[in-house]
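TrEMBL annotations:
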- A:6-27: transmembrane segment (TRANSMEM)
- A:63-81: transmembrane segment (TRANSMEM)
- A:88-107: transmembrane segment (TRANSMEM)
- A:119-145: transmembrane segment (TRANSMEM)
- A:181-203: transmembrane segment (TRANSMEM)
- A:209-230: transmembrane segment (TRANSMEM)
- A:237-257: transmembrane segment (TRANSMEM)
- A:269-286: transmembrane segment (TRANSMEM)
Amino acid sequence: MTLIAFLGSLEIGLVFALVALGVFISFRIVNFPDLTVDGSFPLGGAVAAAMLVGGWHPLIATIAAFAAGALAGLTTGWLHVKLKIMQLLAGILVMIALYSINLRVMGKPNEPLLDTPTIFSAFSSASVSASWVTPLVLLAITLMVKFALDWYFASEVGLAMRATGGNARMARSVGVSTDRLSLVALALSNGIVALAGALFAQSQGGADVSMGIGTIVIGLAAVIIGETILPGRSIAIATLGCIVGAVLYRMLIAVGLNSDFIGLKAQDLNLVTAILVTIALVMPVSKRYLARRRSAAGAAKKEVSSC
Amino acid sequence: MNRFLRDSLLSLALAGTLAPPVLAADVRVSVTAIVDHPALDAARKGVTDELADAGFVNGKNLKLEYQSAQGNTATAAQIARKFAGDKPNVIVAVSTPSAQTALAATRDIPIVFSAVTDPVAAKLVKSWDATGGNVTGVSDLPSLEKHLAVVRQAMPASKRIGVIYSPGEANSVAAIAELKKLAAPAGITVVEAAAPRTVDVASAAQSLIGKVDVFYEPTDNNVTSAFEALAKVADQGKVPLISADPSVATRGAAIGVGTNYYDLGRQTGKLVVRILKGEAPGKIASQVSTKLEMHVSKSAAQRQGLMLSEDFLKSATKVVD
């Protein structure tokens, strides 16, 4: 892999680290399988791109993208909590609605940002090349989000939110408003995903209405790979796992793109992705199974020897 | 077991960084497309064949690499970075998102786009002229003027044209805007029906029955995927179906008139060869695909109540059944 390809993978990995952090909040913290992200990721890109082209400051455009994503998450939460629509369905409904909304936001299916100032151009200078600036800025933003989440989940509200996902009935019995916290969690999750979408559009040349396809799979893959590489129960480790998982996932894709030497071709990419995620999903289960068998075998041996 | 997975994932990622360098070849051309799909594949084949005819043969004096993003924009971006790092002589980017990510990745390596409808709106080039920079290419902007002429020739009495398209496809949206502009002076109105998903195509077409004299389908990927559904509605409603994709004459269209993507690839290949021979991409103006083909289906025309004259049939490139 060349340095440029490596930095490019790092860059996209860091964007998807934010997606992974968002997905981590919905899937792992409040236990809500949220498919909204396939719509909120392009929503972030659309809002940021439309505002940048409209002459807004990149920072304001990026923050607005976060807010738009949070609103989308709130909508999903509201559909589930207030209207009692199934979690999966609520997410799907908002996701397909966002497709139309994204077209409205941009006014067309594709908004290029190739000659528009972005949040990254503020940091680039003649002395440092763009292929270094973008990953560095993304690393800074990702770490900021990670530490903010670590802090938040250690606070009283954050702990209550974790209790909501862990055992909603128990949480309610000690006076936690689980409905409200689910809404906050989904807003936060989709806000971060939309932020990722905004950064992706700004670093990759533009927003496209189709750019959300598969976001959830990539986010989930990153979360799961992260959990496998960095097992542990603390939030700080888990959020770090999301970042490491996302970057590693992108490196794996880069291997897929450079894998003439193992005989893999361009068309095998999605299959390889699905297999990797399946392996990562099955791992914890088979580990428990093996452990049980081992302890059973150990017990049997003990019995034999005591005879 | 867990450690095994972790180690194998890490070593795979490491293997990527240590991948062996490519064999030293005279010339390197890297091709990327957003998805694998018949028109885009045909364009790619045209490029390869044109290169071969010019003496650049893959595996001999040319290392030709192809990567498909399989519909995923993030992967497209990553492919663009990989190419930027590999430093090929030319990057061929088939489709708008592929070309945009390629340009975001490199401003040095020559990029030749193909099958991009509006390179100026996509901000790949500042104008259709040679404008410096590292980008040139061939657009598949349909010659709507000619399409409209065919529609009027086949159906002189038509006053209302119904268009079925996916609002998410930049190509189609641009085509409709252009069609409206051309149709208005001729006293023809354009009636739209949006089909965001393939399953919406039939009902979108049905909604136009009675409101239009003829169906026109731009090269919309979504509608092309569900073309048979559209053809069925056209048959039932006795509304002639004319498409901007010649190949669908075998799938139920009465007339298919438009770009031949293989020839478009050939035309793209010619630009690649010029750059390989030393011309700067910034000095080559972007082009529009020139070759139009017209395929006519007699049986579909009959089902849809369209009477075609012998002269019209003679002007077709190909008449099926």
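Cβ from N, Cα, C; glycine included.
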Task: Kindly say whether the transmembrane segment (A:63-81) and the transmembrane segment (A:181-203) touch, using the definition of 3 or more Cβ pairs under 8 Å where each pair is 6 or more positions apart.
output: yes
- prompt: Taking the transmembrane segment (A:119-145) as reference, which of A:6-27, A:88-107, A:181-203, A:209-230, A:237-257 has the most Cβ pairs under 8 angstroms?
  reply: A:6-27
- request: Among A:6-27, A:88-107, A:209-230, A:237-257, point out the range having the most Cβ pairs under 8 angstroms from the transmembrane segment (A:181-203).
  value: A:6-27
Query: Out of A:6-27, A:209-230, A:237-257, which stretch has the largest tally of CB pairs under 8 angstroms to the transmembrane segment (A:88-107)?
result: A:209-230
Query: Can you name the far-off residues of the same chain, 6+ from the ends of the transmembrane segment (A:6-27), with a Cβ under 8 Å from a Cβ of it?
result: 33-34, 37, 41, 131-132, 134-135, 138-139, 141-142, 145-146, 149, 185-186, 188-193, 195-196, 199-200, 203-204, 215-216, 218-220, 222-223, 226, 238-239, 242-243, 245-251, 253-254
